[in-house]
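A.B. asks: Submitted below is the structure of interest, expressed as structure tokens.
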């Protein structure tokens with residue numbers, strides 16, 4: 001019972017005061033898509049489509065396994081997609097089709113570049 | 001998770017011929033669908049990237065240097081951080097409030113966001129990775145002296161450490177103590193001593209002696 005109690009009392013993001021490792025002073029320049037993802041978050045907030053608090057809850061709702069496995073902006077974009085599905089702003093099918101289109105487009109560009 | 005070296009990061013070499021990854025494709029797809037549905041404007045992302053690029057710790061350093069030089073400004077800044085910044089022409093692009101926390105002989109301030117990565121972005125830019133990772137977020141509130149020691153900062157036992165946990169609406173900025181030996185310094189000279197990490201509270205402002213050291 002005590003093992004599951006911790007799961008109930010603390011959601012994956014709620015880690016203040018938890019024992020943890022020494023701090024590694026890591027930082028990196030954002031990749032172009034990460035910066036676009038950050039800008040997208042701000043623009044979604046400006047338009048009152050997804051605010052900061054909703055974004056945080058969206059990340060939390062991914063669950064501990066995904067939160068631990070995905071990088072920071074990977075979590076954001078997956079959370080945005082999920083929230084937009086729940087709001088019926090986008091559908092999973094639409095996003096899947098568009099992702100195929102984007103992937104095919106970048107394959108075309110890379111074929112053209114190799115030719 | 002991510003490498004710390006600036007230019008040695010393997011992803012920095014991505015060329016146009018390399019296929020974007022799964023999450024990058026997802027980002028492009030979601031963005032393009034939102035533009036197609038006219039929920040966001042096509043140019044808004046690019047304009048917001050320009051805003052993000054314009055926000056660096058130099059803005060925070062200017063605020064700190066002005067506060068060190070102008071006691072009336074400092075009083076206004078401590079009363080209302082956001083209004084103080086706006087007085088210097090630093091706009092806030094979001095709805096967040098800002099509380100400026102003054103370090104003194106008796107109190108050392110440290111900022112954190114235990115739940116995620118809330119940070120005074122309008123005045124410092126984007127946070128470093130370590131600020132967003134578990135060790136800092138979890139330990140800053142429970143063992144701040146040990147955390148500070150890992151940054152090389154030893155706070156005497158008779159100095160109180162106050163840790164402020166940021167929220168989506170309220171952000172914090174540390175006003176470090178003015179270093180000794182800076183009498184007669186200009187605002188620009190003072191600002192050069194103020195680093196991002198000093199305004200997070202993990203280190204003091206640089207002393208002029210350290211700046212001149214080889």
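For all residues, glycine too, the Cβ spot is worked out from N, Cα and C.
Worth saying up front: this structure is predicted, and the values here are computed from it rather than measured.
According to TrEMBL, the domain 'Nitrile hydratase alpha/Thiocyanate hydrolase gamma' annotation covers B:23-202. Per TrEMBL, Fe(3+) binding site is recorded for B:113, B:116, B:117, B:118.
Each of these features: where is it, how hidden is it, and who are its neighbours?
C.D. replies: Classification of residue B:117 (Fe(3+) binding site) by DSSP places it in coil, neither helical nor stranded. Non-local contacts of residue B:117 (Fe(3+) binding site) by the CB criterion (under 8 A, 6+ apart in sequence, same chain) comprise B:127, B:131, B:132.
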A.B. asks: Comparing the binding-site residues B:116, B:118, which residue's C-beta has the most other C-beta atoms within 10 angstroms in this structure?
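C.D. replies: Neighbour-count leader: B:118.
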